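**Q** There's a structure below that I have some questions on.
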Amino acid sequence: MSVMINKVGVIGSGQMGNGIAHVAALAGLKVVLNDVSEERLKSAMATINGNLSRQVAKKIISEDARKQALERIVSTETMDGLADCDLVIESAVEKEEVKRKIFHDLCAVLKPDAIVASNTSSISITRLAASTDRPERFIGIHFMNPVPLMELVELIRGIATDDATFDAAKEFVTRLGKQIAVSEDFPAFIVNRILLPMINEAIYTLYEGVGNVEAIDAAMKLGAHHPMGPLELADFIGLDTCLSIMQVLHEGLADSKYRPCPLLVKYVEAGWLGRKTQRGFYDYRGEKPVPTR
Ligand SMILES: CC(=O)CC(=O)SCCNC(=O)CCNC(=O)[C@H](O)C(C)(C)COP(=O)(O)OP(=O)(O)OC[C@H]1O[C@@H](n2cnc3c(N)ncnc32)[C@H](O)[C@@H]1OP(=O)(O)O
Ligand SMILES: NC(=O)C1=CN([C@@H]2O[C@H](COP(=O)(O)OP(=O)(O)OC[C@H]3O[C@@H](n4cnc5c(N)ncnc54)[C@H](OP(=O)(O)O)[C@@H]3O)[C@@H](O)[C@H]2O)C=CC1
């Protein structure tokens, strides 16, 4: 029996969580957005409003749709606020122990027939599912960044995911107007299995002095027609997330070709995580981004 999804919970209100809340609310679903602090949630609501307003200005949506979408989103700092959701999508940081703790706390209050999903970029869905009380109702729903603009969502079944959960997730993603690519549950799935080694190689290219930041990005934008250069894209994704994905690939596939570039490690250790901390391969604190090497 397929589960009817009317109310969606989103855990983590960073760039991906607020994007998921945005598209779900625009599609007419009720949304409960959860994060660890009121400050984070306020800033996420302001971002969602800003992104909806841009869509109004570009005549993609109406002013009425913007208002109604915002009214459909409530925010909460507690797991209790998510208890009656039909689907909860976890989109907190790419750290397995953080996600496992979230699922533990969530399952203690969430209604038993609800579906639990993760927006993880790389971590095993089967392993995450095993940390819940409902592996058959657990699934990977992997959105792309920026969520309101990107067409694709990957769906990943864990070993125990049942057909009703898979069908409900398909129906949900289709309702959001997104296309689906189904991936088997292997490290980093499809998009990041291909994209992240390319980004990591761009960082090695910088590390080994083959080119500077501007040359590498210009090369791939103008020479391969990528919409963003790989270093600009790394900053956009978040260097902490890029590193976590490379670590999952390296550990999960045990192949040295996935070794994270030491320069990526250094940036993350410095807390230079890209756009979200205003510094990464570019410095975003001025009027326009300036390369940091
Ligand atoms: C890591 C993972 O697990 C998986 C991933 O997501 S990997 C990353 C996948 N994403 C990509 O590869 C993105 C590559 N980049 C692109 O496709 C394009 O640069 C882009 C679609 C992001 C923007 O396209 P663009 O037209 O050149 O950008 P730009 O003119 O700056 O923005 C166009 C509109 O996009 C929207 N937009 C841009 N960034 C946005 C964001 N972060 N959130 C919401 N909307 C955004 C705005 O509405 C903007 O309109 P304005 O003109 O009002 O600013
Ligand atoms: N960035 C990308 O391009 C993509 C990322 N993803 C995946 O989406 C997830 C989120 O990434 P992204 O949005 O970029 O990351 P961000 O760093 O932008 O946001 C993560 C958010 O989760 C919050 N958070 C941390 N711990 C908890 C918790 N215990 N409970 C609730 N919220 C918490 C963080 O708060 P605080 O900062 O205060 O700790 C922050 O607001 C990751 O799994 C990532 O791999 C998937 C597709 C694309």
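All residue numbers here begin at 1 and follow the chain in the order shown.
Placed from the backbone N, Cα and C atoms, the Cβ positions cover glycine too.
Bear in mind that TrEMBL entries carry predicted annotations, made automatically and left uncurated.
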**Q** Which of Lys266, Lys276 shares the NAD(+) site with Gly12, Ser13, Gly14, Gln15, Met16, Gly17, Asp35, Glu94, Lys99, Ser121, Asn145 per TrEMBL?
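**A** The one candidate that TrEMBL places in that NAD(+) site: Lys276.
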**Q** Do you know the mean pLDDT across the domain '3-hydroxyacyl-CoA dehydrogenase C-terminal' (189-284)?
**A** 98
**Q** Name the secondary structure element type, per DSSP in three states, that contains His142 (site 'Important for catalytic activity').
**A** strand
**Q** Within a 10 Å radius of its Cβ, which of these recorded positions (Lys99, His142) has the fewest neighbouring Cβ atoms?
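**A** Minimum Cβ neighbour count within 10 Å, taken over the recorded positions Lys99, His142, occurs at Lys99.
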**Q** List, in residue order, those binding-site residues out of Gly12, Gly14, Met16, Lys99, Asn145 with a Cβ under 6 Å from any atom belonging to ligand 2.
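**A** If the test is a Cβ under 6 Å from any atom of ligand 2, the answer is Gly12, Gly14, Met16, Asn145.
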**Q** Using the alpha carbons only, what distance in Å do you get between His142 (site 'Important for catalytic activity') and Met16 (NAD(+) binding site) once rounded?
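**A** The Cα atom of His142 (site 'Important for catalytic activity') is 10 Å away from the Cα atom of Met16 (NAD(+) binding site).
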**Q** With NAD(+) as the bound species and Gly12, Ser13, Gly14, Gln15, Met16, Gly17, Asp35, Glu94, Lys99, Ser121, Asn145, Lys276 as its recorded binding residues, calculate the greatest Cα-Cα distance and give it in Å as a whole number.
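**A** Between the most distant Cα atoms of the NAD(+) site, 20 Å.
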